[in-house]
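A.B. asks: First, the structure itself, so that you have it in front of you.
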């Protein structure tokens, strides 16, 4: 966060002098409230730093918001006081952001939407999408392939949102007909402490659990701690997701409890910022949709997804 | 002992004391019976240990909160403070690892750092409230934001993790104990017993109640109001440090999502237990019952398929209100 503060101060000071010949790109993202968002903040900052160096004619304003209404204010401020030519936005929630972002688009500002789509189609010029249904599907397929018929699993869900619903729907679709029985799903809120508690209670409730779909690496940390503390040997593996570096490392080293991971790269914000910048400085067309698929990471390819410098 | 009489003013008639005292206990017993009926594993050793151990963090903090609220104060910053102290503790231990090496001494240094940080943070709250004469709500709302931001900043938006080797050394503090009772439960029990004794048997406890009842009268009775107030916040800060010492070995990490809403859970536990939110009367053992009620609700909801998980918060809300109604029901008549 300290980098952001510094960056915005620099940006604010530099703005008036260069106002004539610079193009300002606004980047509005949710604050680092959990591991994945922390990684996303890191990659956004890194992309901004890199691009400001490569393209002196570009200037960036980066704002992080703690809730949807704060994000709306951030965007309004960017348009009113910084005269942005392009906006890269990762909406906190789709519904509340749709109207304000549509207003910005109507003023002729280029709009790039990242990860979560807006609830109305056709507002954005570029949509860099994460594939939540795909994330669930890849996870489900892994479970179906690696568990026997009749295997019993429990699942932890994220914060109740559209993202979480899409993931779970994809997962359920993929395990349909595989004979895997989902004993129960409960919200762990993408939080280590919550998922530790939920997993402890699952362990008390079910004497036999074959595998856990933690659906997120932060939750996997809590789940693993609960299993270890209970000393249970029946659980064959825990499937997390999103590619936290510590988890990828364990997969890379062949840890049997964490044989795989499913990516949902926080660096997709960098893809969006880079593409937007290219669109601003060159004549290369960048409008349309760019979907970042969720990939299965196993011991074989884990090295390609290991980013030791990222906070996530 | 005029102050002691002031404290028991709301509970003059013996018959009223009964229902007030029994309210939270009845709620707890009902929850235990419901839990036992719904799932046979509810009363198993493992589940009881889990629930008590996870109650310890909020519980230790809530004992301190009882004193602050009894003295007419409030502290909203404890959740953020716990996250910040956890982050600080991890950083200190990781930093000292190369020079001190892995072992018991470095863990002790980490624990000391947590206690000192808690003491300092509690003093800061207390100082701003008593010496700068700012409302407790505003001061602690401010420090709540400050500590939460600081831990995010320290972690660079991510998660601070304790070195793997250190985690193995420190782990037993949460997971092991004496005679099958794990350390967090033992510490929670000791803190609760000490708190109960201080509240009922010492001058400090009676001063807290006197100040919460009427700080002007307390001042005329030559109670050093400022000093007692500041001490309640320091006590709470140190107890937040103690809770953090028990929390860090559990997962060995701290992030901006650590300790979210702990302050409200602690305040809710204190009020369920029969302490008055406006001050003047505090009951430490009631707070312990309140904490257990809150933990049990979550546990029972997880152990049963009773309601949609979306409604967990609603159930908790209803039970909190019911517990307080049960406790205050008869008071309206008098």
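Each Cβ is built from the backbone N, Cα and C atoms, and glycine gets one as well.
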A.B. asks: Which residue range, B:2-20, B:21-39, is the one TrEMBL calls transmembrane segment?
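C.D. replies: That would be B:21-39, the stretch labelled transmembrane segment in TrEMBL.
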A.B. asks: Considering only the recorded stretches B:51-69, B:76-97, B:103-124, B:284-301, state which has the highest number of Cβ pairs under 8 Å to the transmembrane segment (B:175-198).
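C.D. replies: The stretch with the most contacts is B:51-69.
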A.B. asks: Are there residues at least 6 beyond the ends of the transmembrane segment (B:260-277) whose Cβ is under 8 Å from a Cβ of it, and what are they?
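C.D. replies: Long-range Cβ neighbours of the transmembrane segment (B:260-277): 10, 20-21, 23-24, 27, 57-59, 61-62, 65-66, 69-70, 74-80, 82-83, 144, 212, 283-291, 293-294, 320, 323-324, 327.
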A.B. asks: Taking B:51-69, B:76-97, B:103-124, B:230-248, B:284-301 as candidates, which has the most Cβ pairs under 8 Å with the transmembrane segment (B:136-155)?
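C.D. replies: Most Cβ pairs under 8 Å with the transmembrane segment (B:136-155) come from B:76-97.
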A.B. asks: Would you kindly list the residues that approach the transmembrane segment (B:103-124) from elsewhere in its chain, counting only those six or more residues past its ends and only Cβ-Cβ distances under 8 Å?
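C.D. replies: Those are 77, 81, 84-86, 88-90, 92-93, 96-97, 143, 147, 166, 169-170, 173, 230, 233-242, 244-245, 248, in sequence order.
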